[in-house]
Ligand SMILES: [Zn+2]
């Protein structure tokens with residue numbers, strides 16, 4: 001039986017409800033000082049606001065070493081009634097200090113597998129996906145290292161691999177590496193941030209592989225491309241890839257939270273959803289929010 005591995009245990013994909021397929025409750029990087037998501041109270045308030053809009057599940061893409069607060073996730077999920085999925089994986093090298101990365105040499109896949117199968121640190125909370133990152137129109141040695149470990153962890157556990165595409169680029173290089181060289185089935189790969197590079201031809205080429213395509217935002221940083229997201233979604237839907245699409249709010253800073261005065265998680269349902277209904281209709285938007293995430297993240301765990 002395939003199941004989505006949430007912080008409260010494995011659940012059938014049909015139980016997720018309306019799912020924010022790419023977001024963050026906790027996140028902290030030395031790259032973004034002063035913008036950390038680390039308040040449990042703010043995370044709880046954001047989940048409550050998301051729930052009030054009909055939200056049922058959040059997939060958190062925060063990887064290893066970036067302030068996941070894994071032990072705080074089960075009580076948050078229980079108190080708010082929102083399913084939460086945590087991640088293992090590794091972000092780009094710039095988000096870590098050198099010693100932290102050195103300590104992972106030779107054992108990265110083992111860390112990913114342990115976090116998926118046994119739990120994150122001493123929390124006992126198991127990760128439900130592996131998050132890794134590409135680079136700007138290229139994959140450097142760090143990206144190849146982390147993706148190789150992610151592929152190993154996939155082969156050991158079945159876990160889906162979710163990929164941060166730098167400014168939405170490098171989709172085909174990622175697929176060549178993960179699926180071409182490393183043998184990960186495309187249906188176990190989610191490409192994130194495609195809205196940041198609205199090349200509809202590349203989106204279509206990536207979709208042809210059979211992977212999932214995640215669109216997220218909005219954000220100040222990607223305002224130049226975010227508004228093209230509905231057209232990109234419509235183009236993919238028209239080409240027959242409606243069942244491969246995912247949506248997320250991708251809240252990465254405290255100011256972007258709805259409880260911090262920003263759009264946050266509720267905006268996904270309050271404004272993005274009706275805007276997309278305008279583009280592709282109620283039925284498909286319902287499936288993108290309620291059916292596709294379960295299919296993308298539910299696996300037969302081994
Ligand atoms: Zn993200």
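Here the Cβ of each residue, glycine as well, is placed from N, Cα and C on the backbone.
Worth saying up front: this structure is predicted, and the values here are computed from it rather than measured.
Pulled from TrEMBL, these are the features on record:
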BINDING   22, 24, 131, 250  Zn(2+) 1 binding site
BINDING   131, 164, 193  Zn(2+) 2 binding site
MOD_RES   131  N6-carboxylysine
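A separation of roughly 13 Å, to the nearest angstrom, links the Cα atoms of residue 131 (Zn(2+) 1 binding site) and residue 193 (Zn(2+) 2 binding site). There are 25 other Cβ atoms within 10 Å of the Cβ belonging to residue 164 (Zn(2+) 2 binding site). Contact annotation for binding-site residues (131, 193, 250) versus ligand 1: 250, each with CB under 6 Å from a ligand atom. Long-range Cβ proximity for residue 24 (Zn(2+) 1 binding site), meaning a same-chain Cβ under 8 A and a gap of 6 or more residues, is found for 37, 60, 61, 62, 250, 251, 252. Rounded to a whole number, the distance between the Cα atoms of residue 164 (Zn(2+) 2 binding site) and residue 22 (Zn(2+) 1 binding site) is 10 Å.
Cβ neighbours within 10 Å of residue 131 (Zn(2+) 1 binding site), excluding its own Cβ and spanning all shown chains: 29. The secondary structure of residue 250 (Zn(2+) 1 binding site), as reduced to three states from DSSP, is coil rather than helix or strand. Listed in chain order, the extra residues whose Cβ falls within 8 Å of the Cβ center of the Zn(2+) 1 site residues 22, 24, 131, 250 are 23, 59, 60, 61, 62, 162, 164, 192, 216, 248, 252. The Cβ neighbour count for residue 193 (Zn(2+) 2 binding site), using a 10 Å radius over every protein chain in view, is 25.
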